Structure formats: C-alpha cells, structure tokens
Amino acid sequence: MLLYNTLGRQKEEFTPLRPGKVHMYVCGITAYDYCHIGHARSALVFDVLVRQLRHMGLDVTFVRNFTDVDDKIINRANKEGLDWREVAQTYINAFYEDMDRLGVQRADVEPRATDHIQEIQDLCAKLVAEGKAYATTSGDVYFRVRSYPPYGKLSGRSLDELLSGARVAPGEEKEDPLDFALWKAAKPGEPSWESPWGPGRPGWHIECSAMSESYLPLDIHGGGQDLVFPHHENEIAQTEAVCHCHLARYWVHNGFVQVNAEKMSKSLGNFKTIRDILESYLPETLRFFLLGKHYRSPIDFTAEGMDEAEKALHRVYTALLETQKALTREKWKKSPLPAQLTEDWAAQAEALDEAMNDDLNTAQALGHIFTQVRLVNRLLEDKTLRAAEAGRDLLQDFLARAEQWNTRLGLFGQQPEAFLADLRRIRAARRNIDIPRVEALLQERQEARANKDFARSDALRQALLDLGVSVQDTPEGQNWDLE
C-alpha cells in the first residue's frame, strides 16, 4: 500500500515498523463545541484508513485522544457559568453521538489529557534536564526551539521564516520568540495541578507527546492539514528531543473543507456542524460526500454536492434492492453470461483494491463501485441474462461485494428497502412534501386500479406528479419516489 507521507512529501510504500502490527495515533478534538464538517472529514478519513489496514490483515492499535483542558474549554465554561469538566464531558459525549451516526468506529485507546498530567510533567522535566526546555520565574515552561536543529522538517519552514512572524506577548518570559509553552503557570479561576514549577496546566502540544509516548515509535501519526504547523511540528521537536527516535514513520494529513468556496467560519455565517447537516440529510449521505473526494484534496461543501451524493446512494441501494428481488423470484436456466461482462465484473474488484492501496483513493474506489452497479443494472434489465445461473452467481457476488464495501468504506451496509424509505422521508421533509398526503393518494390510486377505474388512477398519478412524486407499477404493487 502506498501512503503520502507529509514528512517526505511523496507517496511511500507502507511498511509497518513491527511485522504485522500498526501503531497509529490521530489527534482528536478539543472538547469545547459541537463537531463541524471538518472534524467529520478527518474522523472519516482515518476511520477508513484503519479499516483498510485491517482488511490487509494487519493488527492495528488505533489511538485517538481528547483534549479536555484548554483555553477554549475554560473560556466556554466561564462564559456559560459551568465547570470546565462539565463542558469537556458534554462535548465528548456529543462527539460520540455524531461519530456513531456517521458510522465511525471507536478508537482502541482514547486517552484524555487530564488523565496524563504526571506523564506530561515527567516529559517536561526530561526536556528541562537535557537543556531542551527552561522554566521561568513565573512558573511557565518553554521549549527551546533552537535546541532541536531539525525543527521545521515536517512543514518545510525555516527558522528565519518563522522568526519574521514570531512575537513575545507582554508578560511572557521567553528566551526566544520561537519558543513555545510546555507548561502554563496557573491563572486565577483556571484549573491547575501542582508541579515542580508551581501550579499550572499543560500546553496543547505536550499533551499529545505524553499521550502517544507509550506507543512509540508510531507507524502513522495523522490529523487535519491545519495541524501540520505548529502542532505536529512541535510534537516532533519535543518528543524526538528526548526519545532520540522518530516520533512516527508516516505523517498523514487530510485536506481542508470549505463551504460554498469560502473558508468555514462563524463570522461568515457558514459554520456547519455535523448536527446542522444531519437535520436535512441522512448520515450516510454525508459520509459518501466526504469520501467522494481524495482525502488530501480540499473539498467544497455545497447543497448541490450533497444532493449528488444522495442520488448516487439511491442508485446503489436501488440496485441492491432489485438484486434481492431478482434472487427470490427468478427461475434459473443453465446458460452463461457474455465473456466481456464476466471479465469486466472480475476486473472491477481488482481495480477497487488498487485504488484503495494507492494512497487510500476512495474517490476512485467509488468510481469502480458504480461501474459494478452499471454492470448489475445491465444484467437486471436483460431477461435472458437475469435468468441465467451465471447471472444468479454474479448477483449473489454483488451482494457479497456490497458487504465488503461496508466493511472497508462504511457504506452500503443498510437494508436497501429501509434506507430508500428513510431517503424518501428526509428528501420529502426538505421539500415540505406531506408524506401522509402522498400515502393517502397512493392508497386511493391502488383502489381505483383494483376497480379498473383507470381514468381516476391516471388523474391520481398526475396529482402525485404535481407534488413531485413519481409512481411505478410493478407486479408487487406501486413503488413511489421523489422526482
């Protein structure tokens, strides 16, 4: 498998440091607000990466942390008159709810910063002892950036470039504007812990170094592209300065999310939480949308893009439903399928594997899935092919492949009939279509057809079309969908 390594700035063959085992650490949320679409993308990317590694037969230990003490958490607690621990727990619970809805599997280990205060202090003490960090008279501890010559190797930034934008805030006792905080001296009204430098709390960067320490060296360290600098750059410096080993062999970062071609921000009024989106769309639609673009590419969140994802899911689930029906009603004949159809079917499974092994190219993998759906639809639409025993085998293989796609991508795993009903419901809600009214018209039309009142049946079909509802008559009865 090839993975793009931010450190080497190229795709590299993935080789675990320990045969058959993978240690992977991904930076999780700072628990002060509901997760937005950027959090969803990062979570989904690394969820699929873990799934793919396990599909390859590797034993993966996946660690994803929670930052549960931070300036943003403290500020929110003070603003709302709450205990900071209550704020953190509220949004950790919300994270789990959102991720469960999106089908994101839980990490194997989920450390919290406040459970590792001793490890954080121990790491700070080692850095001070080795001259890589220093304590100030006010009780802050800073990392000496110039003490780590490779600083900037991940982001590709030079010290001169960084120095031009560095500042020392009033009251800070930094030796150098480049230095960053490992331990912050206590302030009135803030949580703090006793330490060798006086009461205080950890800086953001040191938390991840301490929480990942017992899994070193890591095979993969991941996160969003926004974490490359300064967070991951600082993690490398403070960890490698004392462990004298590589923090991680592969650094994997997912691209940014924009909303309607603009940066997502509360000030622009386009800030989209996962919960906002799932009021109007099914969770699987958001999952499909985010996996429909290569993970390193930027993605633009639009209603049009979500509508297209919805249509794509409709095609796949409709093919799955029609396949299930065909397998229960057909009488099979001993006849082969066209050689080209059989060859194309076999080739697509291999092509999907190649896409997933080429830097987790989910966009290309989904393209191969839709090629398979087209092949299945071609078979279903041809009575001769559909009734062939070889056709039955292909349809059964289609259902088996869909189960594998669900295992690897977290898609197409629901019961087709139930999913399509949920899809109709949520699309109808977006369009303010009254489903009980639709169902009443369908019932009336069914009665008209039973009474052979075809003029009335046609009038009711038109009434449904005027509502945006199409009706298809089948041997099993009426099927309806939204136009």
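Glycine is no exception: its Cβ is also placed from the backbone N, Cα and C atoms.
Within the same chain, the residues at least 6 positions away from Glu235 (Zn(2+) binding site) whose Cβ sits under 8 Å from its Cβ are His205, Cys208, Ser209, Ser212, His221, Leu247, listed in sequence order. Positions annotated as Zn(2+) binding site by Swiss-Prot, on the basis of sequence analysis: Cys27, Cys208, His231, Glu235.
Summarising the annotation, Swiss-Prot assigns motif ''HIGH' region' to 29-39. Per-residue pLDDT, averaged over the motif ''HIGH' region' (29-39), rounds to 96.
Under the heading motif ''KMSKS' region', Swiss-Prot lists 263-267.
Taken from Swiss-Prot, the feature ATP binding site applies to Lys266, supported by sequence analysis.
Across the motif ''HIGH' region' (29-39), DSSP classifies residues as 3 helix, 2 strand, 6 coil. If you count neighbouring Cβ atoms within 10 Å for each of the binding-site residues Cys27, Cys208, His231, the highest count belongs to Cys208.
Residues Cys27, Cys208, His231, Glu235 make up the record's Zn(2+) site, and a Cβ search at 8 Å around their centroid adds Trp204, His205, Glu207, Ser209, His221, Gly223, Leu227, His232, Asn234 from the same chain.
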